[in-house]
Amino acid sequence: MSMLFYTLITALLIGVQAEPYTDSNLPEGDSVPEAHWTKLQHSLDTALRRARSAPAAPIAARVTGQTRNITVDPRLFKKRKLRSPRVLFSTQPPPTSSDTLDLDFQAHGTISFNRTHRSKRSSTHPVFQMGEFSVCDSVSVWVGDKTTATDIKGNEVTVLGEVNINNSVFKQYFFETKCRARNPVESGCRGIDSKHWNSYCTTTHTFVKALTTDDRQAAWRFIRIDTACVCVLTRKAPRRG
């Protein structure tokens with residue numbers, strides 16, 4: 001009886017491990033960069049093993065030039081709901097590009113919350129080939145020196161700049177997009193009929209989950225970052241007489 005019991009348990013465990021993994025958060029048509037997530041999984045698994053062997057071990061964090069011990073559970077990095085394609089933890093600066101959101105950065109020692117794969121735009125993108133233009137000009141960069149931000153409640157919070165995992169310093173980066181200029185052309189937004197419309201370009205924001213600090217504790221909070229440049233229109237008052 002005991003031999004049959006152990007045989008059934010072994011078969012059950014093999015079946016669970018062989019079950020295909022699905023991710024309902026993945027948009028249709030998007031694929032996962034396997035090389036990137038293999039490296040990420042290795043780093044996280046190593047951190048989890050050390051965390052289990054040394055319970056409540058603090059992770060060193062450097063905030064505004066000072067070293068402080070911030071208690072962080074490495075398992076937080078594995079929660080899907082915290083992932084954002086605009087937040088990146090990396091041991092080295094990501095590629096700097098003013099025209100692209102390079103979400104496929106796969107350098108060693110990178111923790112990105114993004115699980116999607118997007119094609120990189122370049123000067124050969126069809127938009128440029130067809131002679132199409134954007135109504136507003138934008139610039140996109142990875143920001144790695146953010147120290148404070150506004151959270152979703154309107155309060156100013158301290159952004160955690162770096163965390164130390166397995167003696168490797170991971171820096172927190174944010175991919176931000178903002179307007180290059182308020183008025184790309186003299187009349188306002190490009191391509192807008194200035195006879196009937198007033199227009200100007202403005203930077204819009206969204207909220208992403210970021211690692212912040214409060215009272216010597218690290219916590220995830222929604223903070224506001226720049227994410228797009230849009231055109232604002234107002235109709236001109238008709239002339240009288």
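Heads up, the Cβ atoms here are built off N, Cα and C, so glycines get one too.
Model, not experiment: these values are computed from the prediction.
The following features are taken from Swiss-Prot:
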- Cys136-Cys201: disulfide bond (DISULFID)
- Cys179-Cys229: disulfide bond (DISULFID)
- Cys189-Cys231: disulfide bond (DISULFID)
- Asn69: N-linked glycosylation site (CARBOHYD)
- Asn114: N-linked glycosylation site (CARBOHYD)
- Asn166: N-linked glycosylation site (CARBOHYD)
- 1-18: signal peptide (SIGNAL)
Pairwise CA distance, Asn166 (N-linked glycosylation site) versus Cys189 (disulfide bond), rounded so that it is a whole Å: 49
Rounded Cα-Cα span from Cys189 (disulfide bond) to Cys136 (disulfide bond), Å: 6
Candidates Cys189, Cys201, Cys231 (disulfide-bonded residues) - the one closest to Cys179 (disulfide bond) by CA: Cys201
Separation of alpha carbons, Cys201 (disulfide bond) and Cys189 (disulfide bond) (Å): 6
C-alpha spacing of Cys201 (disulfide bond) relative to Cys231 (disulfide bond), in angstrom: 4
Cβ packing number for Cys136 (disulfide bond), 10 Å threshold: 24
Those residues of the chain, 6+ apart, with a Cβ under 8 Å from that of Cys201 (disulfide bond): Val135, Cys136, Asp137, Cys179, Ala181, Arg182, Asn183, Pro184, Gly188, Cys189, Cys229, Val230, Cys231, Val232
Lowest local Cβ density among Cys179, Cys189, which the record lists as disulfide-bonded residues, within 10 Å: Cys179
